Every structure is written in C-alpha cells, then in structure tokens.
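The block underneath contains the structure these notes are about, expressed in structure tokens.
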Amino acid sequence: MPDEPIKTLPLVFDEPRGRKKPPRHLADLSAAERKELVSSLGLPGFRAKQLSTHYFSRLVDDPEQMTDLPAADRATMVESLLPHLMTPLRTMEADKGTTRKTLWKLFDGALVESVLMRYPDRATMCVSSQAGCGMACPFCATGQGGLQRNMSTGEIVEQVVAGARSLARGEVPGGPGRVSNVVFMGMGEPMANYKAVMGAVRRMTDPAPDGLGMSARGITVSTVGLVPRINQLAGEGIPVTLALSLHAPDDELRNELVPINTRWSVHEAVEAAWNYAKVTKRRVSIEYAMMRDINDQAWRADLLGDVLTSYGDWGWVHVNLIPLNPTPGSKWTASRREDEREFVRRLEAKGVPTTVRDTRGSEIDGACGQLAAVDA
Ligand code: SAH
C-alpha cells in the first residue's frame with residue numbers, strides 16, 4: 001500500500017501546505033539511491049559508501065575528518081548529502097547523567113526533543129517523529145500544541161546518530177557504548193508520518209555501513225492505534241515491536257483519553273495489534289498510563305484482561321503500565337500505589353504479563369508525555 005494520505009482521517013493529519021521541506025540528507029536515501037545520486041554528481045559511485053561509512057559507522061559529523069575523500073569531492077558530497085539538519089539548543093540530565101534530554105531546533109525553527117536513557121545492559125534512544133502531534137490526547141503535553149509538521153527520515157535518524165555519538169565518545173557515564181534500542185515514544189504519532197518513520201526504521205536496521213545495523217527487535221513503534229497503518233506495518237517484513245497506547249479498555253473512556261478512538265474503537269485497535277502479533281510473531285505491548293480514579297479501577301483491570309485474553313492466551317501481548325507523568329495544567333494525577341498493585345494483580349490473575357514502567361527523566365520533563373519542546 002503506498003503512503004497516500006488516509007482520506008477518512010480528520011484534518012489534523014494534513015500539514016500546512018507550501019512549507020519548505022527539510023534538506024535532503026544521506027539518511028533519507030537507500031544505499032542504491034545514494035550511489036545513483038553520487039554518480040549523477042559526476043563522482044565515482046563508491047564515494048557513496050565511503051560517505052555512509054563516515055555517517056553510520058564512524059559517526060563522524062565533521063567533514064574535515066573524512067580524509068579518505070578528496071577535498072573537492074568531499075565538498076560536493078557534504079553539500080548535497082550531509083546538510084546540517086538540527087542544532088542542539090539545550091541538554092538536560094538526570095539519573096546521574098544516564099538520562100539526557102536534548103532540545104533540537106530544526107532547519108525551519110521547529111522544536112523537537114529526544115531522550116537518551118542508559119541502563120546497565122542497554123541504551124535506549126527515545127525519538128520524536130513529528131514536531132508537535134495532532135492526536136490531542138488530553139493528558140499528554142505534546143498533544144496540547146497540535147501538529148506543526150512531520151519530520152523527515154533524516155531528522156529522525158539524526159536523533160539516533162547523535163545519541164550514538166555521545167555514547168561512542170564516552171560522554172555518558174558508564175564508558176563508551178552504543179544505542180541498542182530505539183523507541184518512537186517522543187513527540188508525535190509515528191503512524192501519522194508512516195513513510196518517513198519506515199525510512200528511519202530501514203536506515204536503523206540496514207547493515208553497516210549502509211545503515212546503523214540495529215536489530216528490528218530493538219525498535220519499538222508506539223501508536224494511538226491507526227488501524228490501517230498497523231496493518232500496513234504488519235506487512236513490511238520488519239519485525240519491530242509494536243506498542244499500542246490503549247489507556248482504557250472501554251470506548252466511552254477511551255474516546256475521551258485518546259480521541260482517535262472515535263475513528264478506530266478499542267476492539268478495532270486491539271484486533272489490529274493482535275493481528276500484528278500473529279503475523280510478525282512479536283509480542284505486542286499495550287501501554288496504559290495509570291490515572292488516579294480515571295482508568296485505574298479494579299473493574300477496568302478485569303475488563304482489560306478480558307478484552308486482551310479474548311484474542312487467546314498464547315503470549316501475544318503484555319501490558320506496560322506507565323505511572324502518569326505530570327504535565328502542566330493537567331487535572332489528572334498518577335494512581336495510588338495500592339491501586340496500581342491491585343491493577344497488576346488482576347491482570348496477572350487473568351494470565352496477562354504486566355510490568356510497570358519506570359519514570360526516568362520525569363524531573364527534567366523527559367518522561368513519556370512530557371515532551372513539549374519549549375525554548376525557554
Ligand atoms: N503517539 C504515540 C507516541 C507517544 S509517547 C503514542 O501515542 O503511542 C509514548 C507513550 O506515552 C504513549 O503511550 C502515550 O500515551 C504516553 N503518555 C503520554 N502522555 C503521558 C503522560 N503524561 N504520562 C504518562 N504517559 C504518557
């Protein structure tokens with residue numbers, strides 16, 4: 001299915017017209033396309049691979065260091081394939097420097113954020129896929145400002161490469177390391193920017209030096225539940241992990257918490273997630289932000305368990321509870337510990353594996369749903 005606009009969707013999907021596109025970047029193109037472009041510039045095709053090696057494998061950002069490229073060729077290639085895409089405006093740290101949030105300014109002034117989280121056994125890059133978001137979930141800081149624009153593949157990939165650079169250079173406590181996981185849980189709805197997101201997934205999984213050589217299993221695409229896109233993703237043959245932001249097991253509440261539910265219901269979204277698990281053999285993650293006295297009642301835990309197990313209990317799904325992170329002006333707060341525990345207990349009693357996510361970075365407004373990207 002080509003990436004045509006979803007005609008049945010509300011207008012929030014349409015970007016303002018007449019905007020300038022982000023400059024073309026090496027990471028926007030497949031290895032074959034890069035080679036073609038380099039040849040069309042009158043340079044030997046193998047220069048494309050050299051440039052890719054600098055960008056994806058050596059993580060070089062300074063053209064001066066590309067000494068295997070003759071100066072004239074280097075200038076031509078940097079100009080047409082390695083434009084400056086984004087500028088870090090501010091970095092904030094938490095957890096003794098192992099959580100780092102970066103505020104980026106894009107070429108047109110749009111602001112986005114990414115978060116690097118280092119754990120003893122892995123390092124996860126949380127990336128944005130859009131500047132702003134059109135999904136308008138009322139408990140999420142990003143949703144309050146609406147959608148500014150889709151990000152390009154290059155802009156998405158550059159966030160990962162920037163994280164990889166700081167890890168490789170030993171700037172994050174714990175010694176030199178690499179990015180093992182990427183989660184599309186920053187700003188934006190990745191499925192509403194499907195084509196660019198898939199391009200980014202391909203660049204991350206393309207073997208080095210054509211891409212970052214990451215395992216698809218380490219990549220999680222999180223969505224409000226754009227059903228046609230979930231189905232499309234199932235057919236891509238790239239077994240990324242799918243996370244569905246459910247937040248309520250009943251349509252009445254979910255219509256309020258995740259407004260796109262009025263388009264695709266709980267049942268339709270969960271069925272698409274189940275189908276994704278069936279096709280890809282990858283366990284799906286159900287995200288559920290725990291909001292005090294809103295969606296955390298025992299009966300809703302039971303209902304959630306019933307909804308999920310109605311699709312079978314072959315281990316296709318697990319639930320990830322997210323303690324609600326505070327956002328400015330929000331009337332909602334996190335659940336009580338005892339309600340959270342009871343919620344977990346009831347889900348597990350129904351045979352649904354359940355975990356509670358940590359709230360890394362919440363004190364620097366870097367946790368789930370807190371990314372607002374204000375240049376204060
Ligand atoms: N648009 C995608 C990615 C969003 S961020 C999606 O909705 O899935 C990733 C997760 O953080 C989503 O599950 C989102 O619902 C959740 N989230 C948003 N605001 C939150 C908040 N204030 N506290 C906790 N989780 C939040």
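Glycine too: its Cβ is placed from the backbone N, Cα and C atoms.
These come from TrEMBL:
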type	residues	note
BINDING	C133, C137, C140	[4Fe-4S] cluster binding site
BINDING	G188, E189, S222, S245, L246, H247, N325	S-adenosyl-L-methionine binding site
DOMAIN	119-362	domain 'Radical SAM core'
REGION	1-25	region 'Disordered'
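Closest to L246 (S-adenosyl-L-methionine binding site) in space, going by CA atoms and restricting to the binding-site residues C133, C137, C140, is C137. Highest local Cβ density among the binding-site residues E189, H247, N325 belongs to E189, counted as other Cβ atoms within 10 Å over all protein chains shown. The shortest Cα-Cα distance between C133 ([4Fe-4S] cluster binding site) and any of the binding-site residues G188, S222, S245, N325 is the one to G188. Taking the mean position of the Cβ atoms of C133, C137, C140 as the [4Fe-4S] cluster site, the remaining residues of that chain whose Cβ falls within 8 Å of it are M135, A136, P138, F139, A141, T142, G143, Q144, E189, V224, G369.
Fewest Cβ neighbours within 10 Å among the binding-site residues C133, C137, C140: that distinction goes to C137. When the Cα atoms are compared, C137 ([4Fe-4S] cluster binding site) and H247 (S-adenosyl-L-methionine binding site) turn out to be 11 Å apart. Once Cβ contacts within 10 Å are tallied over all protein chains shown, the binding-site residues S222, S245 are led by S245. Checking the binding-site residues S222, L246, N325 against ligand 1 with a 6 Å cutoff on the Cβ atom leaves S222, N325, in sequence order. When other Cβ atoms within 10 Å of the Cβ of L246 (S-adenosyl-L-methionine binding site) are tallied across all protein chains shown, the result is 26. Distance noted between the C-alpha atoms of N325 (S-adenosyl-L-methionine binding site) and C140 ([4Fe-4S] cluster binding site) is 9 Å. Note on G188 (S-adenosyl-L-methionine binding site): other Cβ atoms within 10 Å of its Cβ, all shown chains, come to 28. Across the residues of the domain 'Radical SAM core' (119-362), the predicted structure has a mean pLDDT of 96.
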